[in-house]
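Undergrad: One structure, pasted below without further comment.
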Amino acid sequence: MMEKGNNEILEKLLKKEIKPYQLDDLVGEKEAIELRRKYIEKISQVETKHIGHYTIDEKEAMKKNIENMIGAVQIPLGFAGPLKINGKYANGEFYVPLATTEGALVASVNRGCSIVTKCGGVTVRVIDDKMTRAPVIKTESVIDAVKLKEWIKENFQRIKEVAESTTRHGKLIDINPILIVGRYVYPRFVYKTGDAMGMNMVTIATEKACNFIEEELKKENINIHTVALSGNACVDKKPAGINLIEGRGKSIIAEVFLKEEEIKKYLKTTSKAIEQVNMYKNLIGSAISNSMGFNAHYANIIGALFLATGQDEAHIVEGSLGITVAECTEDGVYFSVTLPDVPVGTVGGGTRVETQKECLELLGCHGGDKALKFAEIVGATVLAGELSLIGALSVGHLARAHAQLGR
């Protein structure tokens, strides 16, 4: 039950005499959350019985992760594993937490984990690691646009010093490509961001760099203006060809060699059937529909892992990009997943939230010097899920699995 004073505040909320976000300064965190929830219940005429029950620290969440907090949403959490990984940073068997409401997903990934583990494990490497931010800068003409592009190339070291002055961990490693459309310039700033996913870091650094570029070019009588700090050539939180080609976040390749007897025993199919499903579905089917996801369901595994471990859920769309390869060999199949765009971190953001922190800890991946290890686990888990689904599709088991599990 709310106290009398809080009832009075609720009445003021309903009369629009105060705004919901102002409650944080008027009452304590718990009271603010309860009042906002009661306010929503009143105006929607719906009683909420569950979202008010949670264990996370609302004070910390309200500082870093959420505004206008009214509670927390719970997502069922399962695990797949053990999954044997032969990585540069992740070595051994892992039990991977997956948060999802899609029935049969965890079971499918778990089957894939079991198969690849019995067959020696997944080999995985992070082949690139960077975060990008690409502002859009307006010049007065194409002549000035070309001058700006050349100036950026010639003065990279100066720009680098300015950008890196804003951060202890971020390193500007390149500005490429520098695209020109009409009189507008889109320089793609490329950074190393350590164990943080890094978007906040690179945004602050790029803003300082843009201010510096504007000031310096003004001395040369070239007037430019940063229209927006993100000009959509980054490309952040959207599917994009440049990310598929150039990479963003962690670029990961995971692979496994399966023998024919193992394929028949564990997947109940053949190497040829796996190769054909991948060719006609993932490659040709994706090409004819102009998809940039040449795969069966990377997003399923990326999404479940991201939600469990506190990654930015909007980056699931980037993690869905990639190419699955299934190639018959003399005695089986070579199977790999290539994920060029997986923005992940093991510090900051949602990794601070208690439940997500615990999931990272289950993997031995919370805190500093763990991001590359986590990325390898992500790649290996995606391979396990991808192999399981393609195997099921090759023998017509997909619908049966969902039906048997009551989904």
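Cβ from N, Cα, C; glycine included.
Copied straight from TrEMBL:
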BINDING   THR167, ARG168, HIS169, ASP195, GLY198, ASN200, MET201, GLY349  NADP(+) binding site
MOD_RES   CYS234  cysteine sulfenic acid (-SOH)
Undergrad: What whole-number Å value do you get for the CA-CA distance of THR167 (NADP(+) binding site) and the residue listed as 'cysteine sulfenic acid (-SOH)'?
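TA: Distance (Cα to Cα, whole Å): 19 Å.
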Undergrad: These are the binding-site residues: ARG168, HIS169. Which one scores highest on other Cβ atoms within 10 Å?
TA: HIS169
Undergrad: For a quick check of understanding: among the binding-site residues THR167, ASN200, which residue's Cβ has the most other Cβ atoms within 10 Å?
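TA: Counting Cβ neighbours within 10 Å, the top one is THR167.
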Undergrad: Least buried of the recorded positions MET201, CYS234, going by other Cβ atoms within 10 Å?
TA: MET201
Undergrad: Let me know the largest Cα to Cα distance in Å among the NADP(+)-binding residues THR167, ARG168, HIS169, ASP195, GLY198, ASN200, MET201, GLY349, as an integer.
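TA: Binding-site diameter by Cα atoms for NADP(+): 17 Å.
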Undergrad: What is the separation, in Å, between the Cα atoms of CYS234 (cysteine sulfenic acid (-SOH)) and ARG168 (NADP(+) binding site)?
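TA: So the Cα of ARG168 (NADP(+) binding site) lies 22 Å away from that of CYS234 (cysteine sulfenic acid (-SOH)).
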Undergrad: By a 10 A CB contact count over all chains shown, which of the binding-site residues listed here is most packed: ASP195, GLY198, GLY349?
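TA: When each Cβ's neighbours within 10 Å are tallied, GLY198 leads.
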